[in-house]
Structures are given as structure tokens and as C-alpha cells.
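Data first, discussion second: the structure below is written as C-alpha cells.
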Amino acid sequence: MAASTASHRPIKGILKNKTSTTSSVVASAEQPRRTVEEELSKKSQKWDEMNILATYHPADKDYGLMKIDEPDTPYHNMIGDDEDVCSDSEGNEVMTPEILAKKLAAAEGSEPKFRTREQESSGEEDNDLSPEEREKKRQFEMKRKLHYNEGLNIKLARQLISKDLHDDDEDEEMSETADADSMNIEESNQGSTAGDHLQHKSQSS
């Protein structure tokens, strides 16, 4: 029986039949005509903007930005002892070359206070260290000094190399001139012996 009902059904194709289009036209004619506004409201979408803001822009969202929690770069103010060398109150005066030379001469012998503090604090830290740690720290400081002076060492090495090359060039030039002089002397000696030999032949004949 199931087979007989399946065989009686019409096979539906992909394309619309003419009868199906006419039936939809009849059905639409039966429905009351809607206004244009209802048609537009049916097709358009309404956005819930507050929901969009809450979804995509929550208050606690950080947008991948980092907050850096570290102290500002320290600024070392001039200590009270350095007021005679450099003073902000003297900034109002006209700076002449003589005054500048005096200030530079006065500041040349003194070391900045923050460096002396660092040296004092490093001396206090050495007392707390064991002998192995002191030796390790001393070696580290020595290697650090060598590393930071490496640029100066390279510059000096380049100067020495260029000086050696220049000296080698001068030595080669001197040896070449000495060789040329010895060759000239030998040629003149050979020429004079040949001349003597010719004179001797002419006298004997």
C-alpha cells in the first residue's frame, strides 16, 4: 500500500510549475493589501545599540593595551655641596667665556655626587659578601670595564694597524730606492769597466 501511494504522487521538479505561480498570485490577491510602511518595517532591521555597546565594548575591556606599573626614571638633583659650582640662580647672569672657563675648571676636579654615593654603597655591600662572591664581583666589574672600553680598544687597534701599514709602506719604498741605487751603481761600474776595456783595446791597437 505504501508503494501504491508513492507511485500515485506526482514527481516534483526543480523548476516551478505554471500552476504553482498562479496559485500564489491568487493567494496574494485574497490577502488585504498592506501599506508601504508595513512592508518597509518588515524588511528593515532594528538595531539594539545599547546591546551592541554592552557586547562589543564592555567597561572592563582593555583592548590589548598594557598598563605599565614601574617607577619613573630617577632624576638626581644637584646636592647642596655643588651649589657653588653650578647654581640655578646664576642662570640669570650673562655667560661669558671667562666665567664658563672658571666653572669648567672648578667642576673638572670634582666627581658627581651620585657616583661617589654608588662607590660608597658598593663598598658597604662588599663587607657582606663572602670571599668567593667578592672575587666573582671583582671579575665581573673588570669584564664590564673591558666591555665598555671595547670601542676605544678597537679604535686604538685600527690606529696601530694603519701606523704599521704606513711604516711597512715606507720600508718597502726605502728598500726599493736602495735597490734602485745599488742597481745604478752596478750599471755605472759595469759601464765604466766596459769603457776602460774599450780604451784599453784602442791603446793596444
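Cβ from N, Cα, C; glycine included.
The range from 12-17, 72-77 that Swiss-Prot describes as region 'Required for binding PPP1CC' is residues 12-17. Here Ser130 (phosphoserine) is compared against the modified residues Ser44, Thr73, Thr96, and the shortest C-alpha distance is to Thr73. Per DSSP, the secondary structure of the compositional bias 'Basic and acidic residues' (131-142) breaks down as 12 helix, 0 strand, 0 coil.
The Cβ neighbour count for Thr73 (phosphothreonine), using a 10 Å radius and every protein chain shown, is 5. When secondary structure is read from DSSP and collapsed to three states, Ser130 (phosphoserine) falls in the coil class.
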